[in-house]
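Novice: Got a structure for you, written out below as structure tokens; questions coming shortly.
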Amino acid sequence: MTAPAELEGLLRRFRFKEVLSNDTSSKTIWLLGIIASSDADEARDEPVAAGQNAAVVVLERMAFSPQAIALGTGSHDGSAGTMLLGSASLVTGERNDIYSWATGVVDADVLRPDMRIALTYPATQKHIDKHRRQLRRWIRESPELYARITRPFIDSQPASRIQWVYNILSKHVESEHILFEDPDPEHGFVILPDLKWDAANTDNMYLVAIVHRHDLKSLRDLSSIHLPLLHNIRSKAAIAAQKYGVPSDQLRLYIHYQPSYYHLHVHITNVMLEGKGMLAGRAHLLDGVIDNISNIAADYYQRATLSFVLGSSDELWTHWPNHPQPNPC
């Protein structure tokens with residue numbers, strides 16, 4: 001069974017329970033439910049428990065494709081755009097002088113597919129909490145607080161949490177998606193499209209480089225001995241991006257802190273793409289990381305106070321509430 005066919009089968013059995021979160025800016029909604037396996041599951045009306053049948057579905061409106069609208073199915077005469085606008089059924093709208101606007105729907109093949117659907121099943125409590133609307137706070141993490149709070153938390157994470165990463169590195173899954181690989185155990189990595197990208201609209205290109213080393217968990221582990229690895233990623237990212245026609249001067253490379261999973265990886269995106277993952281409080285530009293280690297201190301990230309945004313549904317949240325933070329002044 002192909003992956004789309006298998007996913008379709010699971011989605012037909014999905015039974016909605018609640019909306020975890022809704023992001024109007026990215027036009028994405030996260031749904032919690034179960035994958036029903038029996039009539040008893042169908043009739044059950046109780047909170048969803050992590051594991052077993054729990055499932056998280058992500059629905060994301062896809063961006064318009066200028067090429068598809070302009071060309072349609074091979075048309076070069078603009079008929080696709082005519083078909084798109086000619087099918088519009090408008091519901092509400094207004095006009096002010098030369099400006100008009102309305103809401104409505106269109107029924108045109110040029111917009112299909114118009115949605116990206118992702119499923120996590122079976123979903124753990126971490127998956128559920130990750131997407132649930134939450135409180136946030138600004139954390140200033142000194143090296144001492146990192147050693148006392150964050151590092152023990154990282155070390156406590158079971159390896160099974162990132163088994164999917166090891167599956168990619170060992171080519172048990174997604175090997176056909178790998179755009180570039182350096183197999184060197186010290187300085188090597190793989191580059192492949194991130195699951196958040198539809199691999200169609202190059203303005204939204206989103207790749208990720210995952211290092212082969214298992215001992216590098218986060219930005220805090222990097223020092224001067226890792227500069228060859230970081231330089232290698234920076235140079236080879238351009239080779240991977242060329243497969244989509246994106247030149248090197250349109251690449252944004254950055255590392256998240258805190259990351260969504262504790263195995264060092266570098267995000268590689270088109271500068272045309274904007275999103276929450278690129279905001280201050282999480283994204284550290286790779287060029288800046290290399291410069292800090294090269295020109296300020298070889299152990300910069302072992303000595304620096306790092307600030308980040310922490311959500312209330314993050315497991316790390318419970319470790320921080322009553323700890324005093326360093327004065328920023």
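The chain as shown is numbered from 1 upward.
Positions of Cβ are set from backbone N, Cα and C atoms, glycine also.
Annotation source TrEMBL lists substrate binding site at TRP164, GLU174, ASP194, LYS196, 256-267. TrEMBL lists HIS265 with the feature active site, nucleophile.
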Novice: Rank the binding-site residues TRP164, TYR262 by the number of other Cβ atoms within 10 Å of each Cβ and report the first-ranked residue.
Specialist: TYR262
Novice: In sequence order, which same-chain residues at least six apart have a C-beta under 8 angstroms from LEU264 (substrate binding site)?
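Specialist: ILE210, VAL211, ARG213, LEU216, LYS217, SER218, ASP221, LEU222, ILE255 - these are the non-local Cβ neighbours of LEU264 (substrate binding site), listed in sequence order.
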Novice: Give the distance between the Cα atoms of HIS256 (substrate binding site) and the residue listed as 'active site, nucleophile', rounded to the nearest whole Å.
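Specialist: Here the two Cα atoms lie 8 Å apart.
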Novice: Using a 10 Å radius around each Cβ and counting other Cβ atoms from all shown chains, which of the binding-site residues GLN258, SER260 yields the largest count?
Specialist: GLN258
Novice: Write down the Cα-Cα distance for the residue listed as 'active site, nucleophile' and ASP194 (substrate binding site), rounded and given in Å.
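Specialist: The separation of the Cα atoms works out to 11 Å.
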Novice: Run through the Cβ atoms and count how many others sit within 10 Å of the one on HIS256 (substrate binding site).
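Specialist: So the Cβ neighbour count for HIS256 (substrate binding site) comes to 18.
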